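Asks: Have a look at this one before I ask anything.
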Amino acid sequence: MSAIDLVWFRRDLRLADLPTLLAVADTAAAVFVLDDVLLRPGPRRSFLFDCLRRLDEALAGRLLVTRGDPVAVIPALARELGAGAVHISADFGPYGSRRDRAVAAALGAVPLLPSGSPYVVAPGRIRKSDGTAYRVFTPFRRAWLEHGWRAPARTGPDTVRWLDPAGLGMRVPIPTDDGAVALPAAGEAAAAARWHSFLADGLDRYHRDRDRPDLSGTTGLSPYLKFGCLHPRTVLQDLRGRGDDAAATLRSELCWRDFYADVLHDRPDTAQRNYNPRFDRIRHDTGPDAQRLFEAWAQGRTGFPIVDAGMRQLLAQGWMHNRVRMIVASFLTKDLHLPWRWGARHFMRHLVDGDLASNQHGWQWTAGSGTDAAPYFRVFNPIGQGEKFDPDGDYVRRWVPELRGVAGKRVHRLADGRPPGYPEPIVDHAEERREALARYAETADRGD
DNA sequence: CCAAAGTTCGG
DNA sequence: CGAACTTTG
């Protein structure tokens, strides 16, 4: 038996479990195989590279980062290192699971820890008594709360012996991206710091303030959860014994993350296709005019202040407040009549926390095509939502400089006219709401 | 509490 | 078969 094993870190998952996994493998090298999605420039790549760089420093440069087809790369590395067994770092994620299982089988790879999924409960495990997946959140949550979960992996790289890969031709230097987007600090230490500071003075306000984009009432943990810098079970563990509204709400949000991962695991096709096939018949706008409207939305020049503020925050920070994500998504699908995939793709390109399961199914929920979707008649009013959730207009003024001269909540309705340079509304909301309802009604006509 | 019309879940 | 169904206006 060889003294050296290889541990393959599948894509972007589970940086946090790395030390525990390697402790199991006695002596091992960690191989991080970047896939093409994560090599595209953007906030997620920048953030991931920052995470890897920090990990690399903590481990004195003994992390292997490479790219390419794992079926070719992993055995070549194993040969070069004289490695014995090849281990897979984890359970498989919610998407691409079939392909990854095939790759693992081709490599003869052994999963190290069954607890390795970056979810509280691994996708595919919570099932109704008839064995099928849940399609509604609330019953899923009931089952999820009753389901046990094991303790999170312990972190701390000093428990691990590392192989020195010096001289390995396949080692890829971790590139540095330019800092065009203001990203949160990367890595496990930053994640823990954020979580502990939120526990100390954010959690008590969470239930009240989480819907307020002007108040920073959210946890700020999404990039860390996405990249495995913080495990959701660590969060649950630290919440144990708290039965208050804030703790219950945060648990529930973690459950949404598990729910959508489970839905995508059960229905991988829904990353691109409507979960509810009735929506295959809905009429979208797609011509040059639609492209122009999409561009106005993407650049934050729709003439609807809360929408523009959100879209500009996304470009500046690689992040947008969740309430505002719903508002801009409703606007794209119901006011502009564009396909939800256009918006979902834009989000994935720009969000540092962009996660395929949560993103696509969040969009489908808003569009009406998803699990447990918003009833079709629920069309967000962008002005009303702005007045309700940004009551003093501070969020809008922060991100839309043209509107800084308009005081208070009047910045949402702009009843006294628009400052020069700020666009007129690109659509009439009341009219487009009627149009959206009419198009929805059309989908029922032809039965099947 | 209602809108409109379901579907989903659990008993 | 009855009750329930994140995020509205």
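Heads up, the Cβ atoms here are built off N, Cα and C, so glycines get one too.
Below are the features listed in TrEMBL for this protein:
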type: BINDING; residues: A:Y206, A:218-222, A:253-260, A:353-355; note: FAD binding site
Asks: Does A:G220 (FAD binding site) have same-chain partners at least 6 apart in sequence with Cβ under 8 Å from its own Cβ, and which are they?
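Replies: Same-chain residues close to A:G220 (FAD binding site) (Cβ under 8 Å, separated by 6 or more) are A:P184, A:R194, A:F198.
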Asks: When you tally the Cβ atoms that lie within 10 Å of each candidate's Cβ, which of the binding-site residues (A:Y206, A:W256, A:F259) has the highest tally?
Replies: A:F259
Asks: Please determine which of the binding-site residues listed here (A:E253, A:G354) has the lowest count of neighbouring CB atoms within 10 Å.
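Replies: Among the binding-site residues A:E253, A:G354, the sparsest Cβ neighbourhood within 10 Å belongs to A:E253.
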